[in-house]
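Undergrad: Below is the structure I would like to discuss, written out as structure tokens.
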């Protein structure tokens with residue numbers, strides 16, 4: 001839209017990130033907003049409105065998934081961005097990094113069946129009032145692939161109750177089709193403020209019919225629309 | 001010269017000669033004499049080590065060179081054929097596809113996880129060392145029967161090794177095949193293929209150009225792992241090889257990801273003169289080959305090689321197969337620029353040598369010359385053998401076997417279910433769900449179809465890719481089996497909507513020193529070469545894995561064909577699943593009574609005998625051209641190649657892949673019903689078409705001389721097949737799917 | 001000085017690896033095996049002779065990086 005300020009996206013890159021390109025392409029192809037790769041040594045994310053923490057095997061996922069990445073220089077700036085209310089989306093390894101950094105509660109354990117799993121998965125949109133899901137209907141069933149070995153979400157009882165009470169559970173695996181043993185079928189959660197989301201499934205892999213599903217596209221339009229609404233710009237049609 | 005300088009525990013040149021220690025390294029008396037001739041003296045320990053790996057089958061192809069010469073290796077699209085890390089084929093618009101297949105059979109038999117993982121790592125290096133960005137992985141696997149504990153252990157860990165490496169490095173594993181037969185017991189086959197994309201002007205060669213230029217080592221420090229891996233791969237597996245366990249290397253996919261990104265960035269900067277990966281025989285093979293291709297020599301200063309362990313000798317450094325290492329040559333003035341790239345990626349880079357003009361590989365350790373060998377002798381002067389060849393008795397005996405000698409299968413539905421549940425035919429979801437098949441978001445057709453399809457970023461084009469080989473056919477008649485392997489791969493490519501471009505082959509055979517086996521190798525390669533010529537798919541590179549034997553004898557000859565095709569427009573992408581109610585089902589090609597080597601024979605009677613199906617290359621070519629024309633013309637809804645299990649299995653798979661939609665099929669035939677359903681006659685394809693397109697499709701096929709019959713319609717939730725009006729198969733697709741999907745998980749529980 | 005750090009999944013958190021190993025041991029006839037927990041073992045060489053300081057530093061390493069205290073317990077030995 002003419003005259004509008006564009007929304008600026010950052011895709012963080014750690015050694016071993018491998019879905020960075022996919023996130024970058026998804027932003028370009030779904031909402032056409034400017035996007036930069038930001039290497040983990042950067043200490044300033046102030047230029048960006050949204051930050052994507054991509055999937056992959058940061059630092060080889062040695063020790064624990066995301067454990068080493070949480071200490072990368074860029075993480076200070078990411079925490080600042082979270083506090084500033086910027087939109088942060090961690091996908092797969094990005095979700096693991098966000099939990100290790102305590103930007104999101106809980107942790108990701110090895111899949112119950114102990115095997116890496118990659119296939120389409122049906123997700124239920126549990127909360128469609130986050131900036132990341134506003135273009136979905138409540139309870140909508142969407143098709144987003146998974147690809148992980150350690151996506152078994154765990155948190156203690158008290159935390160789970162809090163997540164439920166605060167509507168922090170954003171996505172659940174379709175009942176009966178939990179691929180990894182996650183507590184309460186959790187596939188994605190957000191923080192209390194709702195501006196930080198972490199999820200194991202890959203919306204960036206579902207942005208075109210040729211990829212088998214275009215259901216992930218609306219996560220990107222949601223983010224853009226939420227930002228535009230917040231900054232008083234026109235909202236694009238879904 | 002400096003024999004006395006090698007570590008005290010290593011034998012000296014005299015001891016090597018007197019005790020014939022070279023024999024332990026696989027060097028024959030004649031070869032040893034030849035080496036002495038080239039050196040003008042007896043080789044010391046490091047020198048005989050270097051010669052032994054350079055003159056192993058794995059590096060020299062000394063037993064297979066004569067048969068490899070049969071393959072056509074050129075064509076209008078071939079930019080680079082065999083000889084470099086991988087072959088390169090033009091796909092238009094200044095872009096090219098780079099691909100190669102390689103085996104890691106022996107390491108995987110000993111330590112399946114690391115053996116398979118490092119196999120994947122090695123083939124990826126072959127692709128990015130050409131300057132190409134790896135975009136897809138495939139693998140072709142063979143195991144014994146899943147009833148066997150050790151086989152299940154190997155299968156489970158090979159698959160997780162492939163997954164562990166490919167998933168971490170972020171290259172999708174998109175296709176492959178797995179077959180099970182007792183012939184592979186104790187000697188599994190693990191062939192990994194990698195496909196990459198490159199711009200024409202970025203293609204790299206492994207050459208040590210420019211006398212005086214520095215030679216750099218990149219990658220993790222060298223340890224004692226994998227010493228003698230190349231000779232190990234060229235020996236038969238014995239009980240002692242279990243004891244040689246340290247010969248297996250350990251892979252680090254995270255490190256390879258960093259090395260890959262750094263090397264691609266280095267290549268992109270335009271300063272690389274030559275680059276090669278350190279694969280089999282590590283530093284030895286890469287340095288000697290790079291020098292040889294440039295007509296130069298190389299000096300290496302071994303104390304500068306980054307070392308992981310203390311007290312490594314020159315011998316150990318030259319023969320180590322530590323993984324994820326590369327060697328490259330640049331001009332001295334570009335050193336700082338290169339170093340900055342590797343520093344940013346956190347990858348070790350060390351100047352370990354320089355290019356010389358004397359045509360020799362000279363090794364220095366702490367300033368002293370410890371090895372000095374002519375590069376030409378290492379690379380080109382290995383004796384080439386023409387092993388004896390003899391038609392085996394089993395081949396003659398099989399000619400007399402009537403494949404219809406067993407009674408007719410009574411219950412065709414039950415027979416279909418059993419064949420669908422046979423691990424070779426059954427769904428491989430258990431395998432490929434462990435592979436990240438989607439990373440890079442260009443996978444348009446995922447595993448489980450005839451061929452995978454991967455998009456070419458920024459274009460309407462895509463690449464179709466597959467691997468194929470039915471070892472039973474090749475065993476029963478190597479020439480015919482070789483023709484079938486190439487033809488079936490091409491048929492798979494065509495069914496996905498692509499034009500077959502070229503082949504990379506992996507020749508997995510037993511010991512070439514046995515005349516029976518060498519005959520199989522000769523015959524199979526001849527058959528493959530004929531098919532490659534007929535289908536215009538030249539061989540642009542590959543790998544030879546011989547000595548695949550165990551206590552029970554040789555494996556079935558298994559020349560795996562890896563093929564890549566070009567989809568001109570993503571609109572042409574076609575899959576095997578039926579699409580819609582009412583679509584017409586068409587069977588292309590003729591069905592004959594051909595049960596030799598079939599799945600029916602194996603599952604029902606536990607034998608592999610007789611002659612395999614025949615294959616007429618002119619018929620095959622006409623079929624493939626017509627189907628591709630029909631697909632491009634928008635006439636085809638689904639296409640599926642008929643292979644193991646014949647028509648009945650193809651129909652079931654098209655129903656299952658179609659989301660459980662049924663089909664009703666009526667066959668009119670002179671054949672016995674079970675033969676009509678399960679014969680594995682070649683050059684057949686199952687198509688479906690919308691009713692309004694079916695006439696045009698049939699006309700086109702008739703005009704191209706392709707036999708075609710409308711045999712039924714898509715619809716309902718049942719697969720029903722009648723034969724000459726009588727009920728043959730009748731089952732809910734869901735039940736067939738259950739048998740097909742649960743078979744392998746059931747074994748692996 | 002050398003520190004040996006043991007990291008295990010917390011008692012109340014499902015340990016799928018432990019369960020798998022438990023099942024495998026049972027099927028191999030080791031019926032006396034009860035619960036199995038699989039963990040990590042980390043060996044650290046420390047450039048210090050001060051035991052008290054080492055103790056504090058290793059504890060910090062465990063809290064900060066070596067264990068994720070949301071799901072894991074740790075203990076260590078100094079020698």
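Each Cβ is built from the backbone N, Cα and C atoms, and glycine gets one as well.
Nobody curates TrEMBL annotations by hand; they come from automatic prediction.
Look at TrEMBL and you will find B:16-62 tagged as domain 'Phosphoribosylformylglycinamidine synthase linker'. According to TrEMBL, the feature ATP binding site maps to B:61, B:100, B:505, B:542. Per TrEMBL, domain 'PurM-like N-terminal' is recorded for B:83-198, B:448-567. If you look up TrEMBL, you'll see B:103, B:104, B:105, B:106, B:125, B:249, B:321, B:322, B:323, B:545 marked as substrate binding site. What TrEMBL records for B:104 is active site, proton acceptor. If you look up TrEMBL, you'll see B:211-365, B:581-721 marked as domain 'PurM-like C-terminal'.
Where in this structure would I find these features, and how exposed are they?
TA: Long-range neighbours of residue B:100 (ATP binding site) (same chain, six or more residues apart, CB within less than 8 Å of its CB): B:85, B:86, B:87, B:123, B:126, B:127, B:193, B:194, B:504, B:541, B:542, B:543, B:562.
In the predicted model, the domain 'PurM-like N-terminal' (B:83-198) shows an average pLDDT of 96.
Close to residue B:125 (substrate binding site) in the fold, though at least 6 residues off in sequence, lie B:85, B:256, B:259, B:260, B:277, B:279, B:324, B:326, each with a CB less than 8 Å from its CB.
The number of other CB atoms found within 10 A of the CB of residue B:104 (active site, proton acceptor), across every protein chain shown, is 34.
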Undergrad: Would you mind ranking the binding-site residues B:103, B:105, B:323 by how many other Cβ atoms sit within 10 Å of each Cβ and giving me the lowest?
TA: B:105
Undergrad: Does the domain 'PurM-like C-terminal' (B:211-365) reach the domain 'PurM-like C-terminal' (B:581-721) with at least 3 CB pairs under 8 A, where each pair is 6 or more residues apart?
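TA: Output no: the domain 'PurM-like C-terminal' (B:211-365) is apart from the domain 'PurM-like C-terminal' (B:581-721).
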Undergrad: C-alpha of residue B:505 (ATP binding site) to C-alpha of residue B:321 (substrate binding site): distance in Å?
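TA: Spelling it out, the Cα of residue B:505 (ATP binding site) and the Cα of residue B:321 (substrate binding site) are 23 Å apart.
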Undergrad: Quick one: DSSP breakdown of the domain 'PurM-like N-terminal' (B:83-198) into helix, strand and coil?
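TA: Per-class counts: 47 helix, 45 strand, 24 coil.
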Undergrad: Using a 10 Å radius around its CB, how many other CB atoms surround residue B:321 (substrate binding site)?
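TA: Excluding its own Cβ, the number within 10 Å is 30.
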Undergrad: Just checking, which of B:61, B:505, B:542 (binding-site residues) has the fewest C-beta atoms within 10 Å of its C-beta?
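TA: Minimum Cβ neighbour count within 10 Å, taken over the binding-site residues B:61, B:505, B:542, occurs at B:61.
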Undergrad: Cβ within 8 Å of the ATP site centroid (B:61, B:100, B:505, B:542 excluded): which residues?
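TA: Here the non-site neighbours turn out to be B:68, B:82, B:101, B:102, B:504, B:506, B:507, B:539, B:541, B:543, B:544.
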Undergrad: Given that the record lists B:103, B:104, B:105, B:106, B:125, B:249, B:321, B:322, B:323, B:545 as binding substrate, what is the largest C-alpha to C-alpha distance among them, in Å?
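TA: Roughly 21 Å, rounded to the nearest whole number.
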Undergrad: Quick check: in three-state DSSP terms, what is residue B:321 (substrate binding site)?
TA: coil
Undergrad: Calculate the distance in Å between the alpha carbons (Cα) of residue B:105 (substrate binding site) and residue B:61 (ATP binding site), and round it to a whole number.
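TA: Approximately 17 Å lies between the Cα of residue B:105 (substrate binding site) and that of residue B:61 (ATP binding site).
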